[in-house]
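**Student:** Quick one: this structure, given as structure tokens, is what I'll be asking you about.
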Amino acid sequence: MAIRIRISGTLLLSFLFFSTLHAFYLPGVAPRDFQKGDPLYVKVNKLSSTKTQLPYDFYYLNYCKPPKILNTGENLGEVLRGDRIENSVYTFEMLEDQPCRVGCRVRVDAESAKNFREKIDYEYRANMILDNLPVAVLRQRKDGIQSTTYEHGYRVGFKGSYEGSKEKKYFIHNHLSFRVMYHRDQESESSRIVGFEVTPNSVLHEYKEWDENNPQLTTCNKDTKNLIQSNTVPQEVEEGKEIVFTYDVAFKESVIKWASRWDTYLLMNDDQIHWFSIINSLMIVLFLSGMVAMIMMRTLYKDISNYNQLETQDEAQEETGWKLVHGDVFRTPMNSGLLCVYVGTGVQIFGMTLVTMIFALLGFLSPSNRGGLTTAMVLLWVFMGIFAGYSSSRLHKMFKGNEWKRITLKTAFMFPGILFAIFFVLNTLIWGERSSGAIPFSTMFALVCLWFGISVPLVFIGSYLGHKKPAIEDPVKTNKIPRQVPEQPWYMKPGFSILIGGILPFGAVFIELFFILTSIWLNQFYYIFGFLFIVFLILIVTCAEITIVLCYFQLCSEDYNWCWRAYLTSGSSSLYLFLYSVFYFFTKLEISKLVSGVLYFGYMIIISYSFFVLTGSIGFYACLWFVRKIYSSVKID
């Protein structure tokens, strides 16, 4: 029986380890089988640009519109991401190639020309969806071996000049060559879509006479199967001129199975960098672990052993270091209520982050589940309110406070209130740009309802449960008169030690942070939650150990004001995170619009502030455990 349990445990650990390397992919929707001739409806999504970070509705530009535009019901995460999924004029028949289809003919007025030129200037990309697969442009890149990568969406157009002229003109991609890859089931003869690619072209279409019911183009004719040539005259964006939008579609059988169809989108060519990041972080952890072990095993246990013999050896006068402040180390810190609020909020963020990563590792938050990650984070934040209330109330009672209701109110409203205020200002700026990224009033109202209707009551429930629990007893008594803190050496003064303490936690995550920022601001998929989960565990250990080490040095300097110092020591890593985001902005992004820059730094302030609360709470709890551990092992009259 013992052998069976040991084998099962080994298998479980092996499963968890390998699952952390690359997260499982569980499809967001059930597979759909298509027969030959079945209609396929292409949906359009937002227009996006890495140069502005301001998404727009697809029909913001004067594209072909269906008779009635139908909006697909987006989930909360999709709305927050700025997705606007709608129907389109692009329709296919399964397994039937269509060499040339006319979408529509539009006349370009002054406003349309201005919008097209603006979107081309900022390199906007149009996004489409077929059977829950985003359209992509195939790219070949050489990195030792030939590899295929996808670029999400296609460019609205490009700038260029005619031969013999230096004047820059604007050209629009008005002809789309789609390629649909499918995998055929040999038994049922049905097919499943496993790929959706597009090659955009700019073509100045010509025709003799326009027939709305059956337009015949001399440059692209479905009857003669004319093909678009690479040397075709491009379609210029000119006010008062017309643009004919066309498309063709070809179907190609693929060996890729439906369950693996997202692999090309999620292809990662930089696993070695992630492994380097993890090894680098583990070296930091081993270094800190060695220091903590040395403190705990060689110094503390020896000191405690010697200190416990002071009664018989009559050496009480020789007390030095951390032992001298035993009567003050559990003294209630200044602004203890605010500390309780921040620690409780940190527990809430920690719970949300941990559960979100577990769901992501199991594949429930894959990119095919569009908006699922954002939705999960919002909902988990709401329901983790009960742990925030419980933690802040328990800590407040340990500090011998008697205003638990006020602490509960601050826990429920302070942190989310600050975030909501920043978010509201940013949303107002987005509204001013007429971007689809602006959160509609209905969604804003839903967020407020989640906050006031679920999160706040749960915070109060958790706080009530924590208040009813008996107070955590201090292992030693606190003196009535505070001990004077001696003058500290320069390297132990709060400002210096706090800033030093944040370097190592940031160093443990900064490489992974690069990929996260690239995913957020350069519209790339991030699906390496296995690596991220390992880095998150390393971050927890690093925050805990660096705070313990610096706390011990602080106590040895007879400075017993450790509570806020512990929180700020690990929390200061958020300062380095924000400074890195500034560096990333100026070196990796090409944002030129003022509003876009404000949005970037506004969101990075939110992320850095959340990181501060998370890491600060980890450091505080680690220090609390450490201090209680060492002082509970000492005999004190």
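Heads up, the Cβ atoms here are built off N, Cα and C, so glycines get one too.
Not measured: the values here are computed from a predicted model.
OK, Swiss-Prot features for this one:
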MOTIF     626-631  motif 'Endoplasmic reticulum export signal'
SIGNAL    1-23  signal peptide
TOPO_DOM  24-274  topological domain 'Lumenal'
TOPO_DOM  296-344  topological domain 'Cytoplasmic'
TOPO_DOM  366-370  topological domain 'Lumenal'
TOPO_DOM  392-411  topological domain 'Cytoplasmic'
TOPO_DOM  433-444  topological domain 'Lumenal'
TOPO_DOM  466-495  topological domain 'Cytoplasmic'
TOPO_DOM  517-527  topological domain 'Lumenal'
TOPO_DOM  549-565  topological domain 'Cytoplasmic'
TOPO_DOM  587-593  topological domain 'Lumenal'
TOPO_DOM  615-637  topological domain 'Cytoplasmic'
TRANSMEM  275-295  transmembrane segment
TRANSMEM  345-365  transmembrane segment
TRANSMEM  371-391  transmembrane segment
TRANSMEM  412-432  transmembrane segment
TRANSMEM  445-465  transmembrane segment
TRANSMEM  496-516  transmembrane segment
TRANSMEM  528-548  transmembrane segment
TRANSMEM  566-586  transmembrane segment
TRANSMEM  594-614  transmembrane segment
**Student:** Under 8 Å between C-beta atoms and at least six residues away from its ends: which parts of the chain pack against the transmembrane segment (445-465)?
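**Tutor:** Counting only partners 6 or more residues beyond its ends, the transmembrane segment (445-465) has Cβ contacts under 8 Å with 76, 378-379, 381-383, 385-393, 404-405, 407-408, 411-413, 416, 420, 439.
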**Student:** Between 412-432, 496-516, 566-586, 594-614, who has the most Cβ pairs under 8 Å to the transmembrane segment (275-295)?
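**Tutor:** The stretch with the most contacts is 496-516.
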**Student:** Is the transmembrane segment (412-432) packed against any residues at least 6 beyond its ends, judged by a Cβ distance under 8 Å, and which are they?
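**Tutor:** Sequence-distant neighbours of the transmembrane segment (412-432): 54, 341-342, 345, 385, 388-389, 438-439, 444, 451, 455-456, 459-460, 595, 598-599, 602-603, 605-606, 609-610, 613.
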**Student:** Using Cβ distances below 8 Å and needing 3 or more such pairs, separated by at least 6 in sequence, tell me whether the transmembrane segment (528-548) contacts the transmembrane segment (345-365).
**Tutor:** yes
**Student:** For the topological domain 'Lumenal' (433-444), what are the DSSP-based totals of helix, strand and coil residues?
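**Tutor:** Counts, helix then strand then coil: 4 helix, 0 strand, 8 coil.
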**Student:** Taking the transmembrane segment (345-365) as the reference, which of 496-516, 566-586, 594-614 gives the largest number of Cβ pairs under 8 angstroms?
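**Tutor:** By Cβ pairs under 8 Å, 594-614 leads among 496-516, 566-586, 594-614.
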**Student:** When the pLDDT values for the topological domain 'Lumenal' (433-444) are averaged, what is the result?
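**Tutor:** Mean pLDDT, the topological domain 'Lumenal' (433-444): 92.
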**Student:** Counting only residues 6 or more past its boundaries, what in the same chain has a CB within less than 8 Å of a CB in the topological domain 'Cytoplasmic' (392-411)?
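**Tutor:** Same-chain contacts beyond the flanks: 332-333, 336-341, 343-345, 459-460, 462-467, 469, 471-472, 474.
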